[in-house]
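Visitor: Quick one: structure below, then a few questions.
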């Protein structure tokens with residue numbers, strides 16, 4: 001009887017040990033079911049790392065305003081430099097805003113905001129009313145404020161013109177009022193009002209010198225540069241007409 005009991009107990013234990021387990025094929029220390037939260041965290045970390053590496057290889061482009069301020073901040077102009085300026089020209093203007101189309105007759109002016117520009121325009125209209133008495137120009141010209149990066153100085157050498165001027169923590173732009181011919185031949189015969197039977201004529205742009213703020217290396221200085229300032233008529237007598 002006791003022998004039968006021992007046999008049954010041994011058979012029962014062998015059956016328990018031999019029973020298959022659902023986790024037998026899972027590596028040691030790993031759960032039978034994957035943890036979705038851990039997988040999501042791993043994927044998120046990988047995405048952030050990839051994005052960070054991409055940002056380092058392709059940095060975000062700087063805004064145009066930041067680039068403009070950075071280039072102007074390279075050279076800070078001493079206000080005393082303007083006190084030493086001589087031979088001021090109404091064709092040179094330092095402004096934080098685009099200047100009006102009409103040229104003011106003052107020697108030099110610093111315009112810092114839109115109100116100053118409006119006052120400049122009103123002053124121009126009041127001081128210079130438009131009169132039309134049937135007068136015509138020999139040549140047609142156009143005048144406009146422009147920025148210049150390079151020019152020719154009074155010695156005939158090329159110079160670098162300062163476009164942005166950092167003065168008292170304000171960034172000003174240097175503008176030049178240029179005048180040039182619209183057309184070398186406003187009429188088929190050349191200049192308007194010239195007797196084409198006796199004269200050859202054509203319109204051409206002429207230049208003059210103005211004092212401008214230029215730079216050489218990291219130094220700013222005043223130099224005379226050449227700009228377009230007028231449109232004139234050039235005539236020559238036709239051969240055989242005396």
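Even glycines carry a Cβ here, placed using N, Cα and C.
The structure displayed is predicted, hence computed values, not measured ones.
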Visitor: Quick test of your reading of Swiss-Prot: among 22-45, 46-69, where does it put region 'Disordered'?
Guide: 46-69
Visitor: With residue 147 (N-linked glycosylation site) as the reference Cα, tell me which of the disulfide-bonded residues 191, 231, 233 is the closest one.
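Guide: Checked the disulfide-bonded residues 191, 231, 233; minimum Cα distance to residue 147 (N-linked glycosylation site) goes to 231.
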